[in-house]
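Chemist: Take a look at the following structure, please.
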Amino acid sequence: MGDGGILELGAPVLAPRAAPRHVALIMDGNGRWAAARGLPRFEGHRRGVDALRKTVRAAIEFGVDYLTVYSFSVENWSRPPEEVQSLLALLHRFIRNDLAELQANNVRVRVIGSREDLAAEIAGLLLEAEQSTAANTGLTLVVAFNYGARQEIAAAARALAEEAVAGRLRPQDIDAEAIARRLDTADMPDPDLIIRTSGEQRLSNFMLWQAAYAELLFVPVHWPDFSRADFEAAIDEYAQRDRRFGGLATADRRAKTAS
Ligand code: FPP
């Protein structure tokens, strides 16, 4: 990508069982990273893109199938216009400069979030990133842009209501699966691991439906400082967790099967 040329990435280094299939990232703390250094907030976001670039490379190396990044929330439009502009410019530059490396590394780009009311230029850019990488079969990089989980769920509810009114769907057929199929993430696995940087411990309207059984990890570093080692430590921590999905702990399950 932009700063380092094309990387030759080898086989995943972690055993397939240990690696989460889908990792989602709340890249928080850019502003505080910049403030702590007496720099403008823009500089924090700019360094945040560098951290994202490294994280995409690491995700490929670790054998992650889906990496979702919260790049711009529906609430972010309320930030000062200069900051909104700088975030849009960074997204623009990321797609323009990094698409070639993403292509070379077989990365497929997907975008979630509302496309309604987006400027034609930005909507076109997102579509170009998706279309030009649609045939790639490696990591899927899911960019959450103009994204809000409540808005996504409301849109799914609206779609279901429209189908019911049109007589194509009976209310009794609406179940969790029917809702999931109408979300932006319809054909993706739920995130296994959600990482939020900067020490804040909340989801902030990010993947609320999909997070039902995700492991949550809150790391104290600000996003621009999030390194390959931090990512690897997060994946190691994930591998230690016992995911029960409402069932029994692994040890109890083994005991039950043995008895
Ligand atoms: C949160 O930090 C981060 C954001 C609102 C934007 C994240 C965006 C990027 C890393 C770059 C753009 C993305 C792409 C895909 C090119 P904050 O500003 O809320 O930090 P603070 O809480 O410390 O103020």
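Backbone N, Cα and C atoms are what each Cβ position is placed from, and that goes for glycine too.
So TrEMBL lists these for the protein:
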- Asp28: active site (ACT_SITE)
- Asn76: active site, proton acceptor (ACT_SITE)
- Asp28, Glu215: Mg(2+) binding site (BINDING)
- 29-33, Arg41, His45, 73-75, Trp77, Arg79, Arg196, 202-204: substrate binding site (BINDING)
Chemist: Let me know the DSSP-derived helix, strand or coil state of Leu203 (substrate binding site), please.
Modeler: coil
Chemist: For Gly29 (substrate binding site) and Asn76 (active site, proton acceptor), what Cα-Cα distance in Å is obtained after rounding to a whole number?
Modeler: 14
Chemist: As a check: which entries in Asp28, Gly29, Gly31, His45, Trp77, Leu203, the recorded positions, place their Cβ less than 6 Å from an atom of ligand 1?
Modeler: Asp28, Gly29, Gly31, His45
Chemist: So among the binding-site residues Trp33, Trp77, who's got the most Cβ atoms within 10 Å?
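Modeler: Of the binding-site residues Trp33, Trp77, the highest Cβ count within 10 Å belongs to Trp33.
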Chemist: For the binding-site residues Gly29, Gly31, which one has the sparsest Cβ surroundings, going by other Cβ atoms within 10 Å?
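Modeler: Lowest Cβ count within 10 Å among the binding-site residues (Gly29, Gly31) is Gly31.
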Chemist: Per DSSP, Glu215 (Mg(2+) binding site) is which: helix, strand or coil?
Modeler: strand
Chemist: Nearest to Arg196 (substrate binding site) by Cα distance: which of the recorded positions Asp28, Asn76, Glu215 is it?
Modeler: Asp28
Chemist: In whole Å, how far is the residue listed as 'active site, proton acceptor' from Gly31 (substrate binding site) when you measure between their Cα atoms?
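Modeler: One finds 13 Å between the Cα atoms of these residues.
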Chemist: A 10 Å Cβ contact count, applied to the recorded positions Asp28, Glu215: which residue has the minimum?
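Modeler: So among Asp28, Glu215, the recorded positions given, the one with the fewest Cβ atoms within 10 Å is Glu215.
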Chemist: Among the recorded positions listed here (Asp28, Asn76, Glu215), which has the Cα closest to the Cα of His45 (substrate binding site)?
Modeler: Asp28
Chemist: Note down the number of other Cβ atoms within 10 Å of the Cβ of Leu203 (substrate binding site), including every protein chain shown.
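Modeler: Looking across every protein chain shown, the total is 17.
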